[in-house]
Amino acid sequence: MRRNTQKIFASKIARALVTLVLMVTSVFVLMRCAGDPVTVLLGPDATADMRAAYSGELGLDRPILAQYLTYLHNIVRGSLGVSYVYRQDALGVVLSHLPLTLILTCSALTLAALTGVAGGITAAVFPSSFIGRACTIGTVVGLCVPSFFLAIVLMLAFSIQLNWLPTGGAEGWRSLVLPAITMAAASSAVLARYTRVAVRESLDSRYVLAAFARDIPFWRILIHHVLPNAAVPILTILGLLIGGAVTGSTVVETVFSWPGIGNLFVTSVGNRDVPVVQAIVLLAGTAMIMTNLAVDLGYTWLDPRSKSSET
Amino acid sequence: MDQTTAHALEAPFVQTFEQGNVGRTAMEAGSPPLLSITGLTVVLADRPETRLLDAVQLELRKGEFFALVGESGSGKSVLCSTIMGVASSELRCLGDIHIEGRRLSDVDRRQRAMIYQQPSLYLNPVRRIGFQLRETVQVIDGLSKKEASERAADLLRDVGIDDPNETMRKYPHEMSGGMNQRVMIAMAVAMKPQLLIADEPTSALDVTTQKQILDLLEQLRSDMAILFVTHDLGVALQRSDRIGVLYAGQLVEIGRADLVARTPLHPYTRALFSAVPPLSGRPRRLHSPAGSLPEPTQRQAGCNFASRCSGTLDTCRHTRPALQGIPQQMVACHNSEA
């Protein structure tokens with residue numbers, strides 16, 4: 001059994017590495033497809049001499065395969081080029097924006113996980129009570145309202161009308177509240193929806209029926225029988241949300257002018273700062289693959305059946 | 001009647017049955033019924049004219065092994081879940097169920113335990129066997145975790161599991177159906193129930209395991225009444241004191257197993273007997289009644305079996321026959337004396 005588990009872990013890690021390489025390669029291909037970098041950098045008025053000189057400097061005149069290998073080599077060394085705008089190492093620029101994004105996404109995801117899972121369980125356990133219905137309706141609203149709209153509504157209410165919280169920036173915890181709530185709303189709704197379905201399904205299962213017949217108290221059944229079974233789909237969704245959130249929500253960061261990675265991404269695209277954009281895309285992809293791997297490994301811990309079924 | 005007697009005697013299990021059942025009828029006298037069901041009718045809540053069970057009348061005594069026989073859709077499982085008090089909310093139950101003279105709703109749930117046809121589906125797939133059994137013991141007996149573990153191991157030993165500690169570390173999917181059924185029985189025993197409902201507990205098992213599980217149930221019967229639901233007529237006659245035949249939600253025949261085996265009175269019971277292949281002699285063509293079980297939505301005012309019966313009288317089409325006869329063997333048929 002132990003050996004089997006190790007084998008599964010190894011194969012999952014190997015699969016994640018293959019995905020990583022594919023991701024890195026497609027970023028390379030997409031960046032080349034996005035247009036001639038020389039034109040982008042020098043503008044359409046550049047002379048042919050200038051263009052040739054710049055091409056040589058960036059190594060763009062070399063064969064594509066050689067360029068690709070250099071690109072891979074640089075990634076392994078952790079050097080992703082120099083930002084055109086900041087005149088600094090692109091990865092360094094991105095990483096300097098990371099802490100603020102992590103603060104925002106961690107608080108938003110914690111909020112989303114707590115409210116989403118609690119709401120989903122409530123909606124599943126008390127489907128026809130007032131509070132259960134409120135959870136279901138809240139879910140639908142959370143799924144339907146786009147975050148830029150919610151952001152503006154919250155700003156109007158709490159910043160402009162009530163003047164409790166700032167409209168933007170990153171000064172102290174007060175400026176964190178509105179962006180975190182905005183970001184959490186949609187994730188919380190998604191989580192609540194999946195939690196409700198998973199908990200409902202487990203509550204309707206025969207092992208729960210049998211547990212009721214054994215006179216096991218309801219709360220014990222919920223905690224020890226229903227939730228461990230519902231955890232698998234919940235973890236999947238949570239993993240996807242984390243993977244997507246590591247790079248920050250571009251929309252929320254932009255609306256609240258939160259100086260995180262999402263904001264940097266939008267600015268850099270506007271500035272045609274290719275190395276920074278590339279660094280962010282690579283970081284986003286890596287984060288997604290890593291959280292997926294973590295979720296995959298989590299399955300084997302949550303659901304003992306996955307150990308023996310996947311050999 | 002002569003003809004049916006001949007049929008019944010042809011069936012090979014009658015011999016075994018008669019050897020195995022000597023002296024079992026003693027419990028029929030005396031003691032008040034443990035389970036008493038009177039006029040139990042179960043209908044669909046939104047369509048009350050659709051009867052899944054129709055005026056079922058049944059009494060079980062302590063120590064009794066009662067076999068309920070019927071084909072799929074006859075209402076066996078509805079009856080089980082109604083007695084267990086876990087019937088679907090889409091059903092409405094009329095009539096009375098009493099356990100030891102008290103209404104079902106007033107009776108402690110722990111008085112009844114149930115085991116099922118597919119034990120693996122009724123065990124939590126992501127919790128270890130030990131956790132599930134220990135939890136049951138803890139809830140029922142209020143023991144500490146350590147005491148509960150020891151009691152759980154004892155229970156597993158009692159149901160014939162030799163290495164209880166290893167079994168307790170396993171998950172349901174790592175065990176065979178027979179082993180899971182033993183675990184379910186151990187959980188049922190942990191509840192110290194008065195009534196054990198066994199809903200086709202051996203149908204999904206191979207014959208060797210089937211026999212072991214049946215022997216296990218036999219050992220338990222001294223402390224409780226067992227309602228054994230099956231569609232295996234051989235098992236029913238071999239193991240039970242009394243049997244009831246359920247057809248389209250109605251008990252059409254109920255009586256001592258030996259009497260029913262020798263002289264089945266209801267044409268449906270006779271049909272069931274003639275549909276059992278003989279173990280010896282020249283294979284004959286098996287008889288089965290024409291037509292099929294009427295759907296609950298299409299049941300008529302008269303006898304449910306009228307359309308498939310060879311001895312249908314005029315009254316059969318208009319009046320539903322009620323159970324009648326001597327207490328040892330009752331039948332719901334207008335033409336049973338014919």
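Using the three backbone atoms N, Cα and C, a Cβ is placed for every residue, glycine included.
Copied over from TrEMBL:
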type	residues	note
TRANSMEM	A:12-31	transmembrane segment
DOMAIN	A:98-299	domain 'ABC transmembrane type-1'
TRANSMEM	A:102-126	transmembrane segment
TRANSMEM	A:138-160	transmembrane segment
TRANSMEM	A:172-192	transmembrane segment
TRANSMEM	A:230-256	transmembrane segment
TRANSMEM	A:276-302	transmembrane segment
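Tertiary proximity for the transmembrane segment (A:12-31) is limited to same-chain residues at least six positions away from its ends with a CB under 8 Å from its CB atoms, namely 68, 71-72, 75, 274, 278, 281-282, 285-286, 289-290, 292-293, 296-297. With Cβ pairs under 8 Å as the measure, the transmembrane segment (A:172-192) is packed most heavily against A:102-126, out of A:102-126, A:230-256, A:276-302. For the transmembrane segment (A:102-126), same-chain residues at least 6 beyond its ends with a Cβ under 8 Å from one of its own Cβ atoms are 132-133, 135-136, 138-139, 176, 179-185, 187-200, 203, 222, 227, 234, 238, 241-242, 245-246, 248-249, 252-253, 258, 260. Proximity of distant same-chain residues to the transmembrane segment (A:276-302), defined by a Cβ-Cβ separation under 8 Å and at least 6 residues beyond the stretch ends, is recorded for 5, 8-9, 12-13, 16, 19-20, 23-24, 27, 31, 75, 80-81, 83, 85-86, 90-91, 93-94, 228, 231-232, 235-236, 238-240, 242-244, 246-247, 261, 264-265, 268-269.
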